[in-house]
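Enquirer: The structure's right below; bear with me while I get my questions together.
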Amino acid sequence: MAEYLASIFGTEKDKVNCSFYFKIGVCRHGDRCSRLHNKPTFSQTIVLLNLYRNPQNTAQTADGSHCHVSDVEVQEHYDSFFEEVFTELQEKYGEIEEMNVCDNLGDHLVGNVYVKFRREEDGERAVAELSNRWFNGQAVHGELSPVTDFRESCCRQYEMGECTRGGFCNFMHLRPISQNLQRQLYGRGPRRRSPPRFHTGHHPRERNHRCSPDHWHGRF
């Protein structure tokens with residue numbers, strides 16, 4: 001029996017433990033889930049919840065109407081966000097093996113940033129220290145994640161352009177970075193530093209919002 005239970009742990013056949021939490025590190029039911037969310041006490045991977053804000057979903061003019069943002073502008077904004085977070089975390093906490101950002105729309109996945117460090121102790125230290133940080137006008141909420149193999153977490157249909165669930169799919173829709181940035185970060189090439197958007201200890205002062213790149217970046 002013990003061998004059987006071990007073999008189905010974290011799968012759909014497991015009626016005790018939540019398979020979605022095991023694979024993705026979050027669950028749309030949250031604390032109301034009828035199955036257990038076994039939070040790891042150590043892991044190489046951390047998740048920074050709802051950290052990325054897609055300007056196509058959030059950009060507004062002063063009167064509150066939606067502001068059109070082109071695909072090119074969105075990619076530039078995303079690459080800048082990705083580079084800043086990747087560089088900040090790697091320089092402060094240790095070598096990063098992989099970083100992924102969800103482009104889903106569901107509350108439990110939207111803007112989640114998953115960072116897999118080479119060493120478990122680096123992930124633990126990052127979670128402890130980031131809990132007192134602010135980024136882009138919001139408090140950073142980080143936790144250790146059970147996700148280690150993102151192939152099990154990603155929506156295969158989305159990768160083939162065939163997902164019928166759209167942004168509310170419960171598997172990860174990962175937003176890619178540009179090829180140049182991919183080579184720059186993972187090829188360990190030279191990086192340019194941008195002004196930091198991480199802040200420590202207190203809520204940054206609000207500014208008037210405009211429909212502009214500075215608004216999307218949340219510079220304070």
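Note: Cβ is positioned from N, Cα and C throughout, glycine not excepted.
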Enquirer: Kindly point out the range from 93-120, 149-176 that Swiss-Prot annotates with zinc finger.
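Expert: The range carrying the zinc finger annotation in Swiss-Prot is 149-176.
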Enquirer: Given a Cβ distance threshold of under 8 angstroms, which distant residues of the chain, six or more beyond its ends, lie next to the zinc finger (12-40)?
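Expert: For the zinc finger (12-40), the list is 47, 49, 106-109, 112, 114, 143-147, 152-153, 170-172.
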Enquirer: Could you break down the residues of the zinc finger (12-40) into DSSP helix, strand and coil, giving a count for each?
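Expert: The composition, in the requested order, is 9 helix, 2 strand, 18 coil.
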